[in-house]
Amino acid sequence: MSIVRMTDLDLSGKRVLIRQDLNVPIDNGQITSEQRITASVPTIKLALEKGAAVMVTSHLGRPKEGSWTEEDSLAPVATRLAALLGVDVPLVRDWVDGVEVAPGQVVLLENCRMNVGEGKDDQTLARKYAALCDVFVMDAFGTAHRAQASTHGVIRFAPVAAGGPLLMAELDALAKALDNPAKPLLAIVAGSKVSTKLELLSNLVNKVDQLIVGGGIANTFIAAAGHHVGKSLNEPDLIPTANQIVADAKTRGAEIPLPTDVVVAKQFLPDAEASVKALDAVDADDLILDIGPQTAQRYAELIASAGTVVWNGPVGVFEFESFSHGTETLARAIASSKAFSIAGGGDTLAAVDKYDIAKDVTYISTGGGAFLEFLEGKTLPAVAALQARGQ
């Protein structure tokens, strides 16, 4: 990958602007999950250790450009960052036209989405960002799919543009999983709708050896195979698409296994009575809310023999205890597998947390939308810009 890496640069005495993803949930001024802040600390520490004058910026929420509000301010983030770094981290409110910072110091630049022109990747604004620094570091993989002034434009105009450790770790892991995977490559794609994961399914079916579908997506594939799905969430108009994806898999010698048993209920409620049924025994008033134990075991065996596992989405309504066993079985199979494993997407990360398997998954992507777009085979604007600068 032809991207200049921050880790390879001499930053001594240099002004370094780092774009991080510090978009954390804040409730009444209190940060409720600091995972992204914690993740950014090693990059900032490294820049300080290398003797740089460090400026860090990020977006937070979706503020109106050109107006400052307390609820959109990075002030709570600055306080937490200072505690984690053990140094003062002043928050600079108006920073586009110049920032005072000395080597060995770090400042946090207020929410970049407050700047007029940020969202539209305004060239004038991007040039102003670039003028602040000797080196620009893009370390926010979670926003790499957005062409904005702080994630794309500035990369074009900064004297030097580099990928930060977090971004590069993410890209290295994704390349290892998709570009040069240890075989067999197994992907788990689950979610409520085929329509939202259509590009993902269509791209992965050309790469994987096995594609396990789950959730509402699986129901559409089950219906496409001629089985009844009762009242289950599914998309009848996408049955031809599902059949095409199955045909594409077959042509390549890949497999899309379907459940042989499922867990059903009459109502979509946490305390609904759960019944395990053979796939052929689903009634007209049944809702399929999880894969059955027999299917979960079969899928777990596929995971055990995989060389690479890409996981995006829980296979059942795992928030409801009675319909969580399929997801838990697969999660534990991934955790105990020797395969290179990568997991990403909000619901997937919630399942990783619920079953406490983070330490057993090779790489956990915090990228969200960027992770999905990469899996869909799309070019991420920030990555393309960094590659162009690395030539």
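Glycine is no exception: its Cβ is also placed from the backbone N, Cα and C atoms.
Copied over from Swiss-Prot:
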type	residues	note
BINDING	Asp21, Leu22, Asn23, Arg36, His59, Leu60, Gly61, Arg62, Arg113, Arg146	substrate binding site
BINDING	Lys197, Glu319, Gly345, Gly346, Asp347, Thr348	ATP binding site
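For Gly345 (ATP binding site), the spatially nearest entry among the binding-site residues Asn23, His59, Gly61, Arg113 is Asn23, judged by CA separation.
Taking the binding-site residues Asp21, Glu319, Asp347 in turn, the residue surrounded by the fewest other Cβ atoms inside 10 Å of its Cβ turns out to be Glu319. According to DSSP, Gly61 (substrate binding site) sits in a coil region rather than a helix or strand.
Considering only the binding-site residues His59, Arg113, Lys197, the Cβ with the fewest other Cβ atoms within 10 Å is that of Arg113. By a simple count of nearby Cβ atoms, those within 10 Å, the most crowded of the binding-site residues Gly61, Gly345, Gly346 is Gly345. Cα of Glu319 (ATP binding site) to Cα of His59 (substrate binding site): a distance of 30 Å. With a 10 A radius on its CB, Asn23 (substrate binding site) counts 20 other CB atoms from all the protein chains. DSSP gives Glu319 (ATP binding site) a coil state; it is part of no helix or strand. Rounded to a whole value, the Cα-Cα separation of Lys197 (ATP binding site) and Arg113 (substrate binding site) is 28 Å. Within its own chain, Thr348 (ATP binding site) has Trp311, Asn312, Gly313, Pro314 as residues 6 or more apart in sequence whose C-beta sits under 8 angstroms from its own. Taken residue by residue with DSSP, Asp21 (substrate binding site) is part of neither helix nor strand, so it is coil.
In the three-state DSSP assignment, the secondary structure recorded for Thr348 (ATP binding site) is helix.
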